[in-house]
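J.: Please see the structure below; I have some questions.
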Amino acid sequence: MDINIITFLFLLMGFCCLSFAADKNTYIVHMARHHIPATFGDDHIDWFQSSLKSANGQGDVIIGILDTGVWPESKSFDDTGMGPVPSAWNGACETGTNFTASSCNRKLIGARFFANGYEATLGPIDQSKENRSPRDDDGHGTHTSTTTGGSVVSGANLLGYATGSARGMAPRARVAVYKVCWVGGCFSSDILAAMEKAITDNVNVLSLSLGGGTADYYRDSVAIGAFAAMEKGILVSCSAGNAGPTSYSLSNLSPWITTVGAGTLDRDFPAYVSLGNGKNYSGVSLYRGPSLPNKMLPFVYAGNASNSTSGALCMPGTLIPEMVKGKIVLCDRGVNARVQKGSVVKEAGGAGMVLTNTAANGEELVADAHLLPASTVGQKSGDEIRKYVISDSNPTATILFEGTKLGIQPSPVVASFSSRGPNTITPEILKPDMLAPGVNILAGWTGAVGPTGLADDSRRVEFNIISGTSMSCPHVSGLAALLKAAHPDWSPAAIKSALMTTAYTAYKNGKIIQDLATGKPSTPFDHGAGHVDPVSALNPGLVYDITADDYSDFLCALNYTAAQIQLVTKRNTTCDSSKTYRVGDLNYPSFAVVVPSDSSHKSGSTTVVKHTRTLTNVGPASSTYKVSTSSDSNSVQISVVPETLTFSQVNEKKSFTVTFTAGQMPVSSNVFGRIEWSDGKHIVGSPVAVSW
């Protein structure tokens, strides 16, 4: 095995902790809300539950989660009503510090920990700071595992926010946890070891809310482990990353991985900032505690209450207590954690905090359970507030907390932090694959730390609300488990295809899903195939299936050497020198076309690129599909041959060829479009991205 992959350090893809709530009025069903049949009126919960009842009843699907471990006492791991552990399960509940075999049950059926790579690099785990066992000392792992497969828990909430019934996406699925992340990080050798063990344990889905930059697939430990999982019929779902809105910022890029970006829910936690000049600004907060005095308080900008050049950031030890005591402090976002800034203000004697986004975060609002009264506002509001507090001779302010608000529109929107394409390793593979909820998500939490994760946070909660693609990934992992339960013979590629081709890209009013970073319509480089639609995914009509041999051909198309390919495939794979391999012919459910740069500036010249695909009928035995295409620019013409596909039996395969005719490069350098096949009942949609 290539030693170079062992020392890579991976990062968790959550900003703190965000999960999913199946509240009586919202969330899980909201994802497919635009397709509610008329017979259900506007009651999306009833529609969702009736549609998934059959899939929800199957309890033999096992989801493996690689993360920071698990807090087994969480109510989300209640196994009431669950049958015996599936006979195919080969896993174990490993013992360790504060963790025994009895910590597992019929819901949490397995728990292991992997630390050899970590300890070889950083030395023995300090058991005074963390448990050398599957026990979760961080919260991230408990959050992701309960998001994907947590049992139903009524009355769930965080400090009174988002009250309702919490449930994982696949609440009847079994959960197996593999702890690979420690205080010092997640090491690729431990991740790969855990993936290999999960495969032999016989999990059906693997969920990895972590990532660490990009590398060629033969040097990417997650890609290598995921290939082995795919060969065994295991779908691997990974976070896209939190490096958005910068282009080319994605992690987990291999085509056999399902790469998930983050979108918002229709729920918010408003906290208004009221200034002495009579102006009010909307922000968000999850603060719950002693209220501010019922009056306006003195207001100060942190940059003017510090002797440090970075004083505006409210870094530890930078505020002058005499200048902030009893005041509300305005802090700039960046560098240190948002919740730590509040802790710094509190320690210096401040009464409250207004946290303002800067250009890096724009208008994205992520709520936090601050240790003092605090609200986060967007960049535009923050700039106005900063101008007021600096220029006014006697600035004052207060914060008004409004609790939980539902029905926020537009929703979903692409989170600003969600990493974006194009794909830096293989531009011909469109990434991310899809969006799922990843902002302000409610899920289970550890009992080891408070909701902020700070050492001085003595609060303990059963559920927490956090954000990140770490939260969107387990949503898709859970959906994959539901699809596996409903269609046990489907391959990982078929499940992924069903999720992608049924995803939606527009609201009910026909407008494209908005990008929060720009306020403009998002593109396939932001949302991939679109936002997941769980009910439609159960019955996609057609799927784009891919075998392990197809992926091997893909690696040949990348001109990898035999040794490099074997690092990925673990088998004696060689490329046929008489065969022509083309990256664009991988049977992927989306289309990314790269126009050679030498043809982009020639006036009147055109470039023709052809991609071949094969569709498998998983719907009615007899059906006829017709194709439609669209392009947002005349610079690219899209044609499909044949234009009609007729199927006469289930699992029958039909192929087609798409011709992309690209003219002169447009100003934006990118053209986006769509290819859809429809039989009048199903719509099998694929995004198109053409780049020069």
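Glycine residues also receive a Cβ, built from the backbone N, Cα and C atoms like all the rest.
Sharing the record's features from TrEMBL:
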- ASP67: active site, charge relay system (ACT_SITE)
- HIS140: active site, charge relay system (ACT_SITE)
- SER470: active site, charge relay system (ACT_SITE)
- 127-141: compositional bias 'Basic and acidic residues' (COMPBIAS)
- 142-151: compositional bias 'Low complexity' (COMPBIAS)
- 60-514: domain 'Peptidase S8/S53' (DOMAIN)
- 313-385: domain 'PA' (DOMAIN)
- 585-690: domain 'Subtilisin-like protease fibronectin type-III' (DOMAIN)
- 124-151: region 'Disordered' (REGION)
- 1-21: signal peptide (SIGNAL)
J.: Would you kindly give the Cα-Cα distance separating ASP67 (active site, charge relay system) and HIS140 (active site, charge relay system), rounded to the nearest Å?
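T.: Checking the Cα atoms of HIS140 (active site, charge relay system) and ASP67 (active site, charge relay system) gives a distance of 7 Å.
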J.: Could you give the residue numbers and ranges of same-chain residues that sit at least 6 residues beyond the compositional bias 'Low complexity' (142-151) on either side and whose C-beta is under 8 angstroms from one of its C-beta atoms?
T.: 14, 17-20, 63, 65, 67-71, 74-80, 107, 136, 166-171, 173-175, 177, 207, 209, 441, 443-446, 464, 466, 470-471, 473-475, 477-478, 481
J.: Distance check, please: Cα of ASP67 (active site, charge relay system) against Cα of SER470 (active site, charge relay system), rounded to an integer number of angstrom.
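T.: One finds 10 Å between the Cα atoms of these residues.
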J.: As a test of reading the model: what is the averaged pLDDT for the domain 'Peptidase S8/S53' (60-514)?
T.: 96
